[in-house]
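Structure first, commentary second.
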Protein chains: 2
Amino acid sequence: MHNPRLTILGCFSASPKANAHPTAQLLEMKGHLFLIDCGEGTQIRMRQQKAKFSRINHIFISHLHGDHFFGLIGLISTFGLMNRQQDLHVYGPNGIKEIIQLQLKLSKSYTQYQIHFHELESLAPQIIFEDEKLSVETIPLHHRVYTNGFLFKEKIGERKLDFEAAKNHKVSHTYFSLAKRKKDVVNLDGKTIAYQQITLPPDEPKTYAFCSDTSFKPDIVHQIKNVNLLYHESTFLEEHEDLCFKTKHATAKQAGIIAQKAKAKHLVLGHFSVRYRNLEKFKLEAEEVFSNVTLAKSGLTISIN
Amino acid sequence: MHNPRLTILGCFSASPKANAHPTAQLLEMKGHLFLIDCGEGTQIRMRQQKAKFSRINHIFISHLHGDHFFGLIGLISTFGLMNRQQDLHVYGPNGIKEIIQLQLKLSKSYTQYQIHFHELESLAPQIIFEDEKLSVETIPLHHRVYTNGFLFKEKIGERKLDFEAAKNHKVSHTYFSLAKRKKDVVNLDGKTIAYQQITLPPDEPKTYAFCSDTSFKPDIVHQIKNVNLLYHESTFLEEHEDLCFKTKHATAKQAGIIAQKAKAKHLVLGHFSVRYRNLEKFKLEAEEVFSNVTLAKSGLTISIN
């Protein structure tokens, strides 16, 4: 299984512009393709990235500000036009179901596939999706409206086959999957081989934390401790900290502090206000407190490791 | 006053793609800048055309299919972010108010400017906007949901000054506006000058008919008789007439027949299905019955004369 990969579709705040797309991200993890937020025009960005629309079964919406969800109804309609059959799960704040269903009703465009709305209202972290390979939990944030970030956590996987060792120990390939699941096996000579002899420890499970939009909220640190990749909003630079207070956003430096306190491996900054021409300043500001910083950019793909 | 001008922002049906934008048009007529339909991403097209957002006070939505209105909430929000103060008028089918207001409410983004919703439900043509210079009336169409086209009609204007004649007749410029309003005036020698001597007849009032989406509906012909510019949808070519029947759309040839019967001066075709690679066929098909045909294209501006 590959490392998870995050693709930025849009990373600017407020109104969409030709070269400043609102928030949307694709996360490929353990065979899933998750869509996180869906600003206006997200489906066009997805086409540009040649994303397989049919692979998206779960959409996570952080909050009901337009730059994070105005593209959702269009994408849901497009799924319908594509004759989608499989169920779709949408996770987002209370009210999201009403918004989508009202538009589908008035346009007489009820979808032939089923949409399951998972409406959120808890102020505490909760697991909202889980299977045998990963879990997704909310990260309660602090913004002008009810907002959640999302923490995507791989579960520890099977041990990995040491092909060379298995060959040397004369273990038939029919036993490989057993050994990977920590069972000792019998080789072609009838001898018992401990699973540790022919397998290696599993990959470290990877984690991704998406935190947008929010004011500086250090109490999320314990939840995202040691996260492999942290996306944290940085709408403003320190020089506009007063605007953060008013609009409930964060600065690049504050994002850096969160990354540093959480001992994150890698920080991606985004949700830039379009007032700034030189985004490099965001990187410099966060680097004052945290060393591994990347600026989000439409089309950028980051391997999570 | 200039001739009215139509700018195509988008002219494809169904889902937006990077190079196939859904329906939206800007009509500049008698000092107004009208927006007609507003598919997803329209505000980005407007920026690309350098349209003055603040000049738009009236938005006309033909029907509640996504490719004609999913961009409206984003534009309304952007007006808010731009700190718009002047009122906005939105004309569209019943339900449009609920859709917009629900989203503004849930995102706690009530606008500081006032939005007047003019919800339509009549099946007969009605005048929905009028001032001293023009009127706008609905053209009831036939589609899968309640749909109106819109007929924009200039009123006959003032007579035009014949500057050379006015000079020759020694008429002071302070009398020009009186003469343009058909009043005889007194010249510098104290002699009465008939207004006809120093003015020319006013320009012929121009008309624009927007007809999308609709199946072939010849009973609109009497309403749009002699229209200067007719935009008529042509989702399909004749080879797919069966799809027209099913989806309540028209072919290029049917659009040509409407233009020919209405004795329109100029026909613009649009709302093309993305199934076609060669749009030139639409032009050829309409030209079988009507000679002055243009294919809509994002960014195309047409002078109405």
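Even glycines carry a Cβ here, placed using N, Cα and C.
TrEMBL does not curate its annotations; it predicts them automatically.
Per TrEMBL, Zn(2+) 1 is bound by A:HIS63, A:HIS65, A:ASP213; the candidate from A:HIS142, A:HIS143 named for the same site is A:HIS143. TrEMBL lists A:ASP67, A:HIS68, A:ASP213 as Zn(2+) 2-binding residues, and of the candidates A:HIS2, A:HIS271 the one it assigns to that same site is A:HIS271. Each of the binding-site residues A:HIS63, A:HIS68 was scored by the number of other CB atoms within 10 A of its CB, and the lowest score belongs to A:HIS63.
When the Cα of A:HIS271 (Zn(2+) 2 binding site) is compared against those of the binding-site residues A:HIS63, A:HIS65, A:HIS143, A:ASP213, the shortest separation belongs to A:ASP213.
Proximity to chain B (Cβ-Cβ distance under 8 Å) holds for the following binding-site residues out of A:HIS65, A:HIS68, A:HIS143, A:ASP213, A:HIS271: A:HIS65.
Taking each Cβ in turn and tallying the other Cβ atoms within 10 Å, the top scorer among the binding-site residues A:HIS65, A:HIS143, A:HIS271 is A:HIS271.
Each of the binding-site residues A:ASP67, A:ASP213 was assessed for Cβ neighbours inside 10 Å, and the highest tally belongs to A:ASP67. Across the structure, A:ASP67 (Zn(2+) 2 binding site) and A:ASP213 (Zn(2+) 1 binding site) place their CA atoms 10 angstrom apart. A Cβ within 8 Å of the Cβ centre of A:HIS63, A:HIS65, A:HIS143, A:ASP213, the residues given for Zn(2+) 1, is found for these other residues of the same chain: A:SER62, A:LEU64, A:HIS68, A:LEU141, A:ARG144, A:VAL145, A:THR147, A:SER212, A:THR214, A:LYS248.
Between A:HIS68 (Zn(2+) 2 binding site) and A:ASP213 (Zn(2+) 1 binding site), the C-alpha separation comes to 9 Å.
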